[in-house]
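Accompanying notes for the structure given below.
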Amino acid sequence: MTQDQLKQAVAQAAVDLILPKLDEKSVVGVGTGSTANFFIDALAQHKTAFDGAVASSEATAQRLKGHGIPVYELNSVSELEFYVDGADESDAHLNLIKGGGAALTREKIVAAVAKTFICIADASKLVPVLGAFPLPVEVIPMARSHVARQLVKLGGDPVYREGVVTDNGNVILDVHNLQITNPVELESQINAIVGVVTNGLFAARPADVLLLGTAEGVKTLKAE
């Protein structure tokens with residue numbers, strides 16, 4: 001199977017997982033990126049089964065609206081049963097690296113609100129130790145150099161993501177060469193640097209379920 005076919009399979013599996021638990025009042029949190037886009041397209045086939053969605057990015061909001069799915073501001077929603085999103089990496093404990101698409105801050109906020117965070121990914125994203133994929137850090141623009149120096153002290157090699165401005169008006173530093181053996185601690189350390197909005201480690205609030213697309217079919221993983 002191609003990578004896109006694996007993504008389509010896990011996207012459909014996520015829809016199949018949440019659909020029996022949705023009703024006309026349900027609002028679904030939706031992530032950002034290529035795998036999340038497949039989820040949106042699959043979810044749209046059942047748009048009368050739920051009320052609407054909260055989007056983690058402007059791009060996701062546009063895709064949802066294009067399918068005729070109502071998009072709500074998070075502040076107007078009292079609870080989210082599910083948040084469905086992809087990942088750049090996951091370990092066996094369902095700690096994630098996210099933010100390749102630069103939407104990490106809003107993704108992390110929506111994930112924090114959701115009762116159940118379902119991560120959808122192809123098998124290549126499951127790794128023994130996080131860090132081969134560069135860790136994105138969203139930074140207030142004027143603090144970029146300061147934050148980069150602090151990230152070097154933590155053992156990383158930060159690279160400014162040229163030409164990228166987040167939906168929040170900030171910039172991204174991608175941190176290479178990190179061996180992330182304690183993701184909860186590192187997430188906290190990086191977030192404590194003045195000028196950091198947040199980083200792409202989802203460890204304080206990891207995924208609850210990982211739907212993993214493999215050649216043998218979709219596997220359901222819970223945190224070890």
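Any Cβ shown, glycine's included, is placed from N, Cα and C.
Together with T32, G33, S34, T35, D85, G86, A87, D88, K98, G99, G100, G101, Swiss-Prot lists one candidate of K65, K115, K125 for binding substrate, that being K125. For the binding-site residues K98, K125, counting C-beta atoms within 10 A of each C-beta gives the highest total at K98. Other than the site residues T32, G33, S34, T35, D85, G86, A87, D88, K98, G99, G100, G101, K125, same-chain residues with C-beta atoms no more than 8 angstroms from the centre of those residues' C-beta atoms, the substrate site, are G31, A36, A121. Residues T32, G33, S34, T35, D85, G86, A87, D88, K98, G99, G100, G101, K125 are recorded as binding substrate; their most distant pair of Cα atoms lies 16 Å apart. K125 (substrate binding site) is 18 Å away from E107 (active site, proton acceptor) when you measure Cα to Cα.
Classification of T32 (substrate binding site) by DSSP places it in coil, neither helical nor stranded.
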